[in-house]
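These notes concern the structure reproduced below.
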Amino acid sequence: MKRIVIKVGSSVLTELNTIAKERMLNLLSLIAQARQKYEVILVSSGAVAAGYTALKLDRDKHISKKVLAAVGQPILMSGYKNKFDIYSIDTSQILLTEEDLDSRTHTKIFQQIIEKTLENGILPIVNENDISTTPEQLFGDNDQLSAHVAHYTNSDTLIILSDIEGLYDSNPKNNPKAKIRKIVNKITEEELSQKFTPNSRFASGGIVTKLKAAEYIMSQNMEMFLCSGYDLTTAREFLMEDKHNKGTLFSQKTKVENKT
Ligand code: GLU
């Protein structure tokens, strides 16, 4: 069975300071379906955003952000638990820092936990451990964390469900004619050095962190698919029907189609 990592961002999981229940339900239905074909690992952001639903602290302040994550992680997980119960899927919570993947011994422990969890039919839900880490120990965003998780768990593909539908050939905010690039084999230095641009107040990533994740994934000879987390049609087609209509596939194995 192929193994995939699905990463979902805060902007997809929350709306107007509450958990976006319907989107979460749609995501869970996709995961339940995908588990018939793949071993699935979920990387989920949203702890800080969920914390803010209970406590209005300033997320830009270092300690306040940690408090929000501490308050929000159980809110997020209970949201998942209630909804996964509908599908009789048991979940595990795995909170990671960079240090958990910084040595062979640590990495092996992480890998063994994931293997045992999957072997027992449990869905691992991974997030960065925002609570106890210093800035040096943080991945900082779940795009890059999910790329590392995909690599160290020997996954085949990383799926990033985002607030954008793919990588555009120019900035869609300034250019209404911007088109989604279907396949990307290479990411340039210029693209990687753009300013960080998260669209949501609670997200740490933006297109640059997604490109960094994609670059890492391609350097490991794996594939990453970036598509909408709001409407899951594209992700479902890609995963369940091997169809690639929208979304961007970052891959060195698939060649970019020549324009005629
Ligand atoms: N770990 C953070 C959270 O759960 C999110 C990091 C990110 O947005 O990439 O809120």
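Using N, Cα and C of the backbone, Cβ positions are placed for all residues, glycine too.
Keep in mind that TrEMBL annotations are predicted by a computer and have not been checked by a curator.
As recorded in TrEMBL, the features of this protein are as follows:
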type    : residues                                                                     : note
DOMAIN  : 2-227                                                                        : domain 'Aspartate/glutamate/uridylate kinase'
BINDING : Lys7, Ser162, Asp163, Ser204, Gly205, Gly206, Ile207, Val208, Thr209, Lys210 : ATP binding site
BINDING : Ser45, Asp130, Asn142                                                        : substrate binding site
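Of all the binding-site residues listed here (Ser45, Asn142, Thr209), the one with the fewest other CB atoms within 10 A of its own CB is Thr209. Looking only at the binding-site residues Ser45, Asp130, Asn142, the one with its C-alpha closest to Thr209 (ATP binding site) is Asn142. Here substrate is bound by Ser45, Asp130, Asn142 per the record. The longest Cα to Cα distance in that group is 11 Å. Between the CA atoms of Lys7 (ATP binding site) and Asn142 (substrate binding site) there is a gap of 8 Å.
Taken residue by residue with DSSP, Asp130 (substrate binding site) is part of neither helix nor strand, so it is coil. Close contacts with ligand 1, defined as a Cβ under 6 Å from any of its atoms, occur at none of the binding-site residues Lys7, Asp163, Ile207, Thr209.
In this structure, the C-alpha atom of Asn142 (substrate binding site) lies 12 angstrom from that of Ile207 (ATP binding site).
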